[in-house]
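**Q** I have a structure I would like to understand better, so I am pasting it below and will then ask my questions one at a time.
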Amino acid sequence: MCDFGEIKNLACASREEQKRFFCSFDHVLSDMDGVIWLAYKPFSGASECITGLKNLGKRVTFVTNNATVRIETMHQLLQKFQFPVNKEDIVNPSVGYIDYLKKKKFNKQIFVIGGQGLKDELLDAGFKLAPSSSDPIAETVPAVIEAIDDNEEIGAVIVDFDINLTLMKLQKCLTYLRRTDCLFIIGTGDKTVPFTQNGPIIGNHYFFQSLKEISGRNPYQMAKPSSDFNDIIVKKYFISDPSRVLFLGDSINEDMKFASIGGYKKLLVLTGSAKKEDILKWSHGESNKPDYYIESIGALNLILGMLKLNERL
């Protein structure tokens, strides 16, 4: 169903307008959670859409803020669901963390708030990790004091999404961040994470924001919408003309803002964070406004199905 909001539904554009749009880009940067799948369950038409884009001669790269699982694991999942993608075409914050720390010639321990997948990536890259147990401690003052004691061997704190986050982990971060030589690095800043039909999970935003305010430290972000994360992507994928790149995402404050920072075209999908109400009454700034929106990646696949897939646009 077509509407007459500020932003046009790509499915409601004329055939010629759709064709002009697809001719306007050569490379697609696509988010994953809330775009191609939810809780690793693909949306209908998702793999077919990615295949269709590639059949039109488009390069497709997945850019996700999800560092909870290894890139290799993510690649295996994509292959399982018949997405035509190489491991090298997936990037998440772990890539940025490793690049940043190597440039710093970092050789101390890292205290990580994050999933095991992220920890494994850092270990494989040769970094040393400090213990970060989620086990409960005794509810006594001496136990708390001991738990948050400083460790000068720790030279960096990484705050990413951690399903087993505890108050003690956050308190440890505050202890280490009192030292100005301790690096403060963050990943995803999402307020919510698309998860299931029962609703989203609370995102990392509220936790790193608390650390930032209490410590008085400004973190270095290596995830969307950070310009530093964009620099990693531009370098990794040799992007010379961002105006010929389309960003496909479900989040306004992360994906659309990231696309604006990078100078990319923007297509917003409504199966994740953004909702129809956002489109009908836009209040998120002119720079974050997408070129078009689409109800789902399946709807995008239907448009592709009407194109001559045997001819490159």
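Each residue, glycine too, has its Cβ placed from N, Cα and C.
Pasting the relevant annotations from TrEMBL:
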- D31: active site, nucleophile (ACT_SITE)
- D33: active site, proton donor (ACT_SITE)
- D31, D33, D250: Mg(2+) binding site (BINDING)
- K224: substrate binding site (BINDING)
**Q** Fewest other CB within 10 angstroms, which one of the recorded positions D31, D33, D250?
**A** D33
**Q** Rounded to the nearest angstrom, how far is the Cα of K224 (substrate binding site) from the Cα of D31 (active site, nucleophile)?
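**A** Cα of D31 (active site, nucleophile) to Cα of K224 (substrate binding site) measures 10 Å after rounding.
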**Q** Would you list the other residues of this chain near Mg(2+) - those whose C-beta lies within 8 angstroms of the C-beta centroid of D31, D33, D250 - in sequence order?
**A** M32, G34, V35, I36, T64, P194, G249, S251, D255, V269, G272, S273
**Q** Could you say whether, by DSSP, D31 (active site, nucleophile) belongs to a helix, a strand or a coil region?
**A** coil
**Q** State the three-class DSSP label for D250 (Mg(2+) binding site), counting H, G and I as helix, E and B as strand, and everything else as coil.
**A** coil
**Q** Once the DSSP letters are reduced so that anything not helix or strand counts as coil, what is K224 (substrate binding site)?
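**A** SS state of K224 (substrate binding site) = coil.
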**Q** What is the interatomic distance between the Cα atoms of D250 (Mg(2+) binding site) and D33 (active site, proton donor), given in whole Å?
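**A** Here the two Cα atoms are 8 Å apart.
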